[in-house]
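Report on the following structure.
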Amino acid sequence: MVRTKANYVPGAYRKVVASQAPRKVLGSSTFVTNSSGSSRKAENKYAGGNPVCVRPTPKWQKGIGEFFRLSPKDSKKENQIPEEAGSSGLGKAKRKACPLQPDHRDDENE
């Protein structure tokens, strides 16, 4: 619905104004500059983020550096035959396209 001057009632329609968060006042007299006590608490207290539980690496697990250093020839992969790996179609015999025969059963029933 479009508002026109004919159906305008003063005070009935007010523009919505978004409220703002309160701003910090610089130079506040309540600001405490003594940080010697708070620095000790920061060392002992967990500051946030993802907690990490350090565990020893198992003997069977290889390092990430060894993974990047392996050449493609030396790496053992599940698909060892290059023709079977991937679906690029390289090295495969091309299949001939077989067009579908038109289905006339629907025409006969009508």
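Cβ coordinates come from backbone N, Cα and C, glycine included.
As given in Swiss-Prot:
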- 29-39: compositional bias 'Low complexity' (COMPBIAS)
- 71-80: compositional bias 'Basic and acidic residues' (COMPBIAS)
- Lys15: ubiquitin cross-link (CROSSLNK)
- Lys24: ubiquitin cross-link (CROSSLNK)
- Lys24: N6-acetyllysine (MOD_RES)
- Ser28: phosphoserine (MOD_RES)
- Ser71: phosphoserine (MOD_RES)
- 29-110: region 'Disordered' (REGION)
- 23-34: motif 'D-box' (MOTIF)
- 61-71: motif 'PIP-box' (MOTIF)
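Applying DSSP to the motif 'PIP-box' (61-71) sorts its residues as follows: 6 helix, 0 strand, 5 coil. Residues near Lys24 (ubiquitin cross-link) in space but far in sequence (CB under 8 A, at least 6 apart, same chain): none are found. Over the motif 'PIP-box' (61-71), the average per-residue pLDDT in this prediction is 77.
In the three-state DSSP scheme, Lys24 (ubiquitin cross-link) falls into the coil class.
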